[in-house]
């Protein structure tokens, strides 16, 4: 019993840092609608800077001054980022800022390695709080007690800020309706910068106070961002009180999960998150989202099937690609196969993202299920490659049908988070079920059948699969089913009035996209000869998102272009430099700033502008009827 | 005397569809001008075009003699042009007092600044619910609060988009009295209306808009008596 109490206190102490970081993310999202993927990286940066400052200045003043100083420095850095980068992107399509902040994360990860080295750094103990206090016969670290007090104090200060100052009232108002706040004369740019700076301060402070408890390294940002997403979604986006309750909940689940169910402790948090979202789609304290900007602007030309000349051009391109193995070396051909495989993955994700406005943060689940399905079909059933690929697709279909049934009940960021939760659950199973999946060691020795064993033959197989997948997806987008999918995307209410239910249409699309992703996953296994839990990990999901966003979310198959550019670039950068993340991140940032509509969107962005200049005025009655 | 607001040649678009064609309207200090027209005639769009809330717009907007065509909305508000949207857009989670504080802007030289107390005197119902959440108010109360919130910016001119829409007759009457009080204070008011009787009660002049064009501009009495125009352009 005493031990349980001590464990409870450990959980509470962990909640403080989680709450600080999560409330920062929540505040930023509430006002700017930016899902700040770099939030974990800002927390990591706070910890690193605090490490340096507290090492230089000793004593209580040095320690606490170092932690606060680090938070302020990182917050100022955040303000610069907001003004130089994000400010240019607020009018870009929703989630494009996500791509920018992902690029930032890559840059930060490599930068901290350059500055602080790759090893774990252990911070100093807090002066005067290095010992432990005996409570009910258990030694509880004094610093934990301080953190336990810090959580509610920070919550109280935030509450005062939001309810007793005009700045706080403006923030709350902007969280509900930022257009109206601007229409009342408040300069939104100033407010956004202030809010972003405050949010980054919370992140950096949350990262810095963990310094005496946990070692810092350059990978904690990803772990943190996932934890923090979970907290914010369970609590309800934009709700600081929700973030407080959820951070305690998540932290306690972590603390006790290890005791009660050591095997599945990794999954526990995500199972709880999935349950919360199924019961309360907007989190414990959240509210239905304001209508998002994902709705296409009126007057934008809907995508059209390719014209006959364009079809010929694509056919010629595919034919030209098919000649690659005839003149390129094995290495290049193998890289080419990998690019084709990720292109299939990106195309499947783009199908639900662009035509369905379903932004999945967990599409890797179906890539990975396809991979493990194919691998297990070989290992357990002894099947040859093609039936094994089919098994992989079946497993991906089953997974997508099961998870998708829950996910399509949500939309927007909550949908994204639930897909992430399911993907993490799938990852945990692959990671933890060592007997079947090999756990972290993966499954090895999975090579293609003889007829496809040469890099050249496998390339052609991948090319055929990619061409067929993209053609199928395009055909679907322009089929009656695709029209229905776009109809429920643009106006679920009107579609439902026509007898077209949102959930069934989106569910079918989700399951189909999962199946195609499963094909990519299966092919990937035979390309690499192995499968690891990484294939279901958040890294793979984010890669897919980046490819689609790079390609242009407003296009039908820009993701294929994005996949080719992104994968080729990352393979090339890894071969050229030790700091490939830094370079890749900078390239992403440059692309984001230069082409805010994506690479694929560039062409379609230029075309209508030329047409618009010459377009005769549309009849005035059109468009007015629906306008407020 | 220069007009407070002089908009001319306004063209406006929603996406690629043009909905305003050379709209123009002027309002002087202490003058109430009604923009009359059917649903979808372009009344709200005209307001948004003036307030800088339309993505694509052409034409000239002058405020107190200054060309403000290229200014963003917050800059217009600080110069004294307030916009009260048709759907009121009260911050549902904020109390009445907090809603008012969002609208607060520095006082304007030469005129008394609006304070919550002065506004509670103008809209007595609001005084009884200072701590009520915006989301828990009736439509009429929200309309009052929306106007009061804009007045906190100490405007010289208020754009009122369909203020009487969906309100009970008694509330509409209170609203008319409040608007006349603002007129006495010297504010210019441009309101859009489908309710001819309400417009007639408070307006000096009227502009009739139809399919994005200004069709008629005359005194309120002249237009109200023009049965032919009313039949052609208004839903009466």
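Using N, Cα and C of the backbone, Cβ positions are placed for all residues, glycine too.
Per TrEMBL, the feature transmembrane segment maps to A:6-27, A:34-51, A:63-86, A:98-117, A:145-162, A:190-212, A:224-249, A:308-328, A:340-366, A:413-437, A:457-485, A:547-569 (among others).
Here the transmembrane segment (A:340-366) has long-range neighbours at 95, 294, 396, 399-400, 403, 407-408, 411-412, 415-417, 419-424, 426-427, 459, 462-463, 465-466, 469-470, 473, 476-477, 482, 485-486, 488-489, 506, 509-510, 512-521, 523-524, 527, 535-545, 547-548, 551, 553-560, 562-564, 566-567, meaning same-chain residues at least 6 beyond its ends whose C-beta is under 8 angstroms from one of its own. The stretches the transmembrane segment (A:190-212) and the transmembrane segment (A:413-437) are not in mutual contact, being linked by fewer than three Cβ pairs under 8 Å (pairs 6 or more apart in sequence). Here the listed stretches are A:6-27, A:98-117, A:145-162, A:413-437, and the one with the most C-beta pairs under 8 angstroms to the transmembrane segment (A:224-249) is A:6-27. Counting Cβ pairs closer than 8 Å to the transmembrane segment (A:145-162), the top stretch among A:6-27, A:34-51, A:98-117, A:413-437, A:457-485 is A:6-27. The transmembrane segment (A:98-117) makes contact with the transmembrane segment (A:34-51): 3 or more of their CB pairs lie within 8 A, with pairs spaced 6 or more apart in sequence. Using a Cβ-Cβ cut-off under 8 Å and counting only residues 6 or more beyond its ends in the same chain, the transmembrane segment (A:63-86) has close neighbours at 32, 34, 38, 42, 45-47, 49-50, 52-54, 56-57, 97, 100-101, 104, 124, 126-127, 192-193, 196-201, 203-205, 208-209, 211, 589, 593.
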